[in-house]
Amino acid sequence: MGPELNQSTFSAQKKRKRTGGQKFNFGWNDEEDTSQDWNPVYSKRVDRYTGPMVFDGLNDAEVEKEYRRRARMLEERDPEHGKERARQMLEQMERQKEKSKSKRTRNDWKFKELADMRERDWRIFKEEFGIASKGGHIPDPMRHWGESGLPSHLLQIIDQVGYTEPTPIQRAAIPIALQARDLIGVAATGSGKTAAFLLPMLEYISQLPALTEYTKDDGPYALIMAPTRELVQQIESEARKFATPLGLTVVSLVGGHALEEQAFALRNGAEIIVATPGRLLDCIERRLLVFSQCCYVVMDEADRMIDMGFEEPVNKILSALPVTNEKPDTEDAEDASVMRRLLSAKDRYRQTMMYTATMPPAVEKIAKQYLRRPATVTIGNIGEAVETVEQRVEFVSGEDRRKQRLREILLNGGFAPPIIVFVNVKRNCDSVAREVQNMGFSAASLHGSKTQQQREEALASIRSGAKQVLVATDLAGRGLDVPDVSLVVNFNMASSIEAYTHRIGRTGRAGKSGVAITFLANEDNDVMYDLKQMLSKSSISRVPEELRRHEAAQQKPAARGSR
Ligand code: ADP
Ligand code: MG
């Protein structure tokens, strides 16, 4: 009986505290407010204070007047403690005034004219969006699309596509890219990097003459490289959203399709080519494609390209580009007026941009070699999961118990499809998918041993809603964008914290929230420490007791080994 009573008082207090924070109540606790008792007139007006009136509703002078009036009344009515309470009330008023002042200045950037934005405003703005930039002569980020510097026909398309607000990487990177600057963008998955490089690219291309019978064989105006076929196709479809209304052609080159087929796709020319490095190099070496007018190059997921062994093909491709328009390694490379100048009717200095989630040495090497005086933009804390994903961890060992638990989650967890389940080995992929089907869901599986066509079908079926659950290996962990994934289940924990971060980044995308549930067991010793750190950094996730106390979670594996 006792504990129960305590509990209910506690929750009542908590409730009061919560609502009190949003209302204009002069910082009093309700129980301290005796005004209703001592003045019948006042009790009628009390609604005004406890009703849904927010602090912002009154101007400073009014707030102050209210405070002073109440302080005076307190003094008059409460001979014993009135003076003291009045003094406290005025102190509270001063604090409140300070607070509202700083709150208002923090938001100043929203109300200021662009010309009135001071360095301090920009600093606050960048802080708010987690934007950090490095390099000389970096333009200010954009506060809204109207300030992007993008031409109005593109802004119209952005509006039609439904991108009301730019994402942080778009805010920071688009103005830089529009200055024809080289750029390294470091941002978490799902942060809108694709449009961040596509939009300035389209701005550049729309200044150039349309491809003709004579110029189409000189190759594309812009090239985008990405590590996997799926990513290439995803970029292609995002590119088409914007390019097709502009009358521009996007062609993708990936393995798994016949070379002849791709040569055929190129027959009418394409302003933009999206490709995996391996297949692209094939096409170049077989002279299906030249790059004599390509002045815009993007490497997406550069670190992953290196991981997948594409360093050599990437280097070969970049060296196959014309050199006559390479940027000088001088301050001119930071000067928009020089860099944006057209060198001929259809080219200017080559602009190179690289997007990556991490900066391993090999990526840095390529950046040094092919980027000139790049600006570096970093969004948020890299390597940490986005704050929109609630991460849950459960200790469940053994195939059968995991399947059982998965069943409970899918049937009773209240998660709407699409749902992605990650497994570590290909073989498991199909067996878990079958199991999910037995539970009454439609499922597709995606792993490296599937044919290209099967992989594409699996992705299309989950995107279109034809299938509810996708069971996949790490192949789908990175960069793939399936809209509105509500839940990611790690049927097996990923073997590294980076892979884990990418997997759970499949949900909680584009500002939506999501849940990631990970089944953990003793075989995951090597990642437990990192996982624990990761969970404790996320304000919306909880470190389960068993993980917190687990021996393997106490120290980084290297440190443990050297003991
Ligand atoms: P990343 O490459 O950073 O992992 P994507 O470019 O794939 O992320 O974008 C993730 C999702 O967000 C995509 O579905 C994309 O259409 C959507 N998106 C991108 N920019 C915006 C925006 N400004 N407003 C709303 N949605 C956006
Ligand atoms: Mg991407």
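Numbers run from 1 along the shown chain.
Keep in mind that glycine also has a Cβ here, set from the backbone N, Cα and C atoms.
The feature compositional bias 'Polar residues' is assigned by TrEMBL to 1-12.
When Cβ-Cβ distances below 8 Å are used as the criterion, the compositional bias 'Basic and acidic residues' (543-553) is approached by residues 392-395, 520, 522, 524-526, 528-529, 531-532, 535-536, 560 of the same chain, each at least six residues removed from its ends. Per TrEMBL, compositional bias 'Basic and acidic residues' is recorded for 543-553.
Sequence-distant neighbours of the domain 'DEAD-box RNA helicase Q' (143-171) (same chain, 6+ residues past either end, Cβ-Cβ under 8 Å): 109-110, 114, 125, 129-131, 178, 185, 187, 191-193, 195-196, 199-200, 202-203, 206, 241-242, 245-246, 377, 379-380, 510. The feature domain 'DEAD-box RNA helicase Q' is assigned by TrEMBL to 143-171.
Marked as domain 'Helicase ATP-binding' by TrEMBL: 174-377.
What TrEMBL records for 388-551 is domain 'Helicase C-terminal'.
The region 'Disordered' annotation in TrEMBL covers 1-37 (among others).
Taken from TrEMBL, the feature region 'Disordered' covers 542-563 (among others).
Confidence over the motif 'Q motif' (143-171), given as mean pLDDT on the 0 to 100 scale, stands at 93. Residues or ranges marked as motif 'Q motif' in TrEMBL: 143-171.
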